[in-house]
Amino acid sequence: MENKYMLSLDQGTTSSRAILFDKSGAIIGVAQKEFTQIYPKPGWVEHNAEEIWESQLEVLKAVLLENHVKPEEIAGIGITNQRETTVVWDKHTGKPIHHAIVWQSRQSIDICNQLKEQGFEQTVREKTGLLIDAYFSGTKVKWLLDHVEGARERAEKGDLLFGTIDTWLIWKLTNGLVHVTDYSNASRTLMFNIHSLEWDDELLNMLQIPKSMLPAVRPSSEMYGYTDEKLFEFQIPIAGIAGDQQAALFGQACFAEGQAKNTYGTGCFMLMNTGEKAVASKNGLLTTIAWGVDGKVEYALEGSIFVAGAAIQWLRDGLKLIEKSSDSEKHALAVDTTDGVYMVPAFVGLGAPYWDMEARGAIFGLTRGTTEDHLIRAALESLAYQTRDVLEAMEADSGIRLQKLAVDGGAVANNFLMQFQSDILNTEVERPRVNETTALGAAYLAGLAVGYWGSKEDIVNNKVVERSFSPDMADEVRQGLYAGWKQAVTATMGYKIRH
């Protein structure tokens, strides 16, 4: 039976998905399941790692069943995942010692402050390309070892394993045979040296994490192992891994230096390919590994915006201003401007390029004339302003002026937002026909490893732009709006939460 399809497992922050692709990169089928978000304390976010696995397995089986595809028709599996989210489990029982600590979760903030006080910031920056922040896995692992009873002793005895979600899923899919991650995920842990491409002893000592917990680190496109035959009575090759944002960069075919994409999801993530050189940021961006493919490692600059789509979800769930997120577009178009209203959605602090953990959300410019339409439009516009903040930092670091921005993620269906994004950047914005670029990137990585696609050229040839948005705003209007945003951000950062 021929290998007809590639299968992507896309394990996201709010749902687990399985997507089937054909040779042209078209979607054959999708199955999705949401899972529980756990909020033990303000600012803390956790997931049940077993529920993540069960939901992922369920959608994997469902997408095959619903599309009448047999396991032996799958050429390979690619895995892409919410990055930084941390699982620690017992290697003998396979049971997690605690809930997974999610990337957004701030519970290791005190550990970060201690590390800064101890003077580790420069070392971390140089070796990992990251900042000391509760966002990254390393401080989450330390928090678990410090707070779960008996965990440190078990870890030191070699009984515990750490993994980001890709590692956890592969461990489960192979029934505990394979403990592995790829360069892109390893580069988000605070424990991996992105220049020497290995776990770094100095960083591990800083975090007091035993090396025996850590997975092997491999390129993003190679054979890692096979699914356990008890799962499907057929062993499917697992051949691609990338963190969700790097996978989207690959899925958008941003293979050349200076090409960039922005993903509009719960958060917003912009990545620019910088080729085989790790560009150190002077403007609050992260230097990260894009992927290891074809025997070489390529790097990216990344700007992480913590709250993007989550601001629209808040309008829906918190304020009950809209019934569904897509309603935001008609409200935004019901007014010509926000009438001077700016929303800075710093619900969990501000990410790139500000990195202010203490900032909280704010709305400025309210008058008696402000309506829900103005508020909703301001929330949408905040996504575009934050993207410009990041792009300006990226252009300054890389010395490259972006010619066009490739976009993907849930919010790109919003034509108002995409046009405003193009206007505020004064840059072409391209929306692809296949919006599932994260899953597509994982499929491409796996497909290259198993020979389903011959080369990156095949991938470039697959790409179809569904719609292009061109700037259509007078420059003085653009600069005036953006100046107002900068003022709002400065004011937001001036207001500190009281503990």
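Cβ coordinates come from backbone N, Cα and C, glycine included.
Quick look at what Swiss-Prot lists:
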- THR13, ARG83, GLU84, TYR135, ASP244: sn-glycerol 3-phosphate binding site (BINDING)
- THR13, THR14, SER15, THR266, GLY309, GLN313, GLY410: ATP binding site (BINDING)
- THR13, ARG17, THR266, GLY309, GLY410, ASN414: ADP binding site (BINDING)
- ARG83, GLU84, TYR135, ASP244, GLN245: glycerol binding site (BINDING)
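By neighbour count, meaning other C-beta atoms within 10 Å, the densest spot among the binding-site residues THR13, SER15, GLN245, THR266, GLN313 is GLN245. Here the binding-site residues are GLY309, GLY410, and the one with the most other Cβ atoms within 10 Å of its Cβ is GLY309. Under the DSSP three-state reduction, ASP244 (sn-glycerol 3-phosphate binding site) is assigned to helix. Most Cβ neighbours within 10 Å, among the binding-site residues ARG17, ARG83: ARG83 holds that distinction in the structure as shown. When every Cα pair among ARG83, GLU84, TYR135, ASP244, GLN245 is compared, the largest distance found for this glycerol site is 15 Å. Ranking the binding-site residues GLU84, TYR135, ASP244, ASN414 by Cα distance from SER15 (ATP binding site) puts ASP244 first. Ranked by Cα separation from THR13 (sn-glycerol 3-phosphate binding site), the binding-site residues GLN245, THR266, GLY309, GLN313, ASN414 are led by THR266. Ranking the binding-site residues THR14, ASN414 by other CB atoms within 10 A of the CB puts THR14 at the bottom. If you measure from the Cα atom of ARG17 (ADP binding site) to that of GLY309 (ATP binding site), you get 18 Å.
Figure note: comparing Cβ neighbours within 10 Å for the binding-site residues GLU84, ASP244, the maximum is reached by ASP244. Long-range Cβ proximity for TYR135 (sn-glycerol 3-phosphate binding site), meaning a same-chain Cβ under 8 A and a gap of 6 or more residues, is found for GLU84, TRP103, GLN104, SER304, GLY351.
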